[in-house]
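Enquirer: This structure is in structure tokens; I'll ask about it shortly.
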Amino acid sequence: MLDITLLRDSPDEIVTMLHNRQQPEDEPKLRQLLEEDAERRKLVQESDELKSLRNRKSKEIAEIKKSGSGSADALILEMQSVGTAIAEMDSRLTALETSMEDILLALPNRLHPSVPVGRSAEENEVFGEPVSFTHPLDFSLKNHLELGKSLGILDFERGAKVSGAGFPVYVGKGARLERALINFMLDSHTEKHGYKEVFPPFMVNRESLRGTGQWPKFAGEVYHAPEDELYLIPTAEVPVTNLHRGELLETESLPISYAAYSACFRREAGSYGKETRGFLRVHQFNKVEMVKFTKPEDSYQALEDIRGHAEAILRALEIPYRVLLLCSGDISANAAKCYDIEVWSPAEEKYLEASSCSNFEDYQARRANIRFRRDGKSKPEFVHTLNGSGLATSRLMVSLMEHYQTPEGGILVPEVLKPYTGFSEITPSA
């Protein structure tokens, strides 16, 4: 959520941001918000003046009654009229504040100056040079789905029977390889980069979705259990960020860095064009998430750190990848700046998104009321929140399986995963 003071003082900047985000339809909402804000401020002043008058006159009425020096009936009638006016003003103020909050929750975050202006994903910028590793693939390649079926380690058909399309089943060494990836990533983030591991709930309440920005704008994309008013998480970002919702943190505790594994659930299984095969379009997938809470002045260095920590996983696995700096027309509504990390699929001959690393500045913290105090006398400030996928295993598994496949139809296990799997290869007879 944006600061109303920013909107009030710099409306033209916000209008430009909305157009750069390809959201010009939100400009009337901004105008409405500013009009309601002006009316609210005027009403607050008038209401305060009437309440002050009522207090003064109430004292006069009490003095008249105490002294018995005359009748207070006229003043009492006047104050009844004032009370009615105050009640009407307070009712209007409540309506204005509700409307303003709805608009504030719907408006997207401001953009960092380094975010390139562009209309769509086609205008995202490649950040740095793509990273490549040599894998001997001079034979007829199978895609991840063909490998999974032939090796008996993935079962999409039975997953569909149990739950519907988009719910994969990992079998045998495929399940072990998936678990190895998760444990390797968690160990890397906690042991090498200082993250504290948390294992969060996979269901959250509406206040948590509101705090991280999925509610109300993206409410239709999450699975909902209406009888309990709980929602399956689309990402561990939601429960982990909300661990500190409503808290006032001490400056000595910052930065706070968490790493969390969770299953992720999304009703809309991504927008991947016509590609719907295998892991490229799923409703449930596994992901290790990195979440940070920082002081405002430290957040952009923290973003680079998160990106580097995600890249370190791919380098250790020797998976080819590239980094994109998302343009204004493709970045999520909540983020001020975002990097996407894409892994290369040799069978599909294209890059696949496996990680997003974002700085939300104080956008989420303002919604979730997460603040810190620099010292005992200073005014509380909002922290900056960040997160990054470290990484999503579904797309990562696609690239891993395809790059490490053998001419015989097996899959070699990356060196760093062997201590976790207990085997070095998945063979056709596995």
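Glycine too: its Cβ is placed from the backbone N, Cα and C atoms.
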Enquirer: For the L-serine site that Swiss-Prot assigns to Thr235, Ala236, Glu237, Glu289, which of the candidates Ser132, Ser140, Ser378, Ser389 is also assigned?
Expert: Ser389
Enquirer: Say you check the Cα of Thr235 (L-serine binding site) against those of the binding-site residues Val282, Glu353, Ser356; which is nearest?
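Expert: Comparing Cα positions, the candidate nearest Thr235 (L-serine binding site) turns out to be Ser356.
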Enquirer: In three-state terms from DSSP, label Glu237 (L-serine binding site) for me.
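Expert: Looking at the DSSP assignment, Glu237 (L-serine binding site) belongs to a helix.
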Enquirer: In whole Å, how far does the CA atom of Glu353 (ATP binding site) lie from that of Ser389 (L-serine binding site)?
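Expert: Given the Cα positions, Glu353 (ATP binding site) is 10 Å from Ser389 (L-serine binding site).
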Enquirer: Within 8 Å of the Cβ centre of Thr235, Ala236, Glu237, Glu289, Ser389, which other residues of the chain have their Cβ, at the recorded L-serine site?
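Expert: Counting only non-site residues, the set is Val238, Val240, Ala260, Ser262, Cys264, Lys287, Val288, Met290, Val291, Asn387.
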Enquirer: Compute the C-alpha separation of Ala354 (ATP binding site) from Glu289 (L-serine binding site), stating it in Å without decimals.
Expert: 12
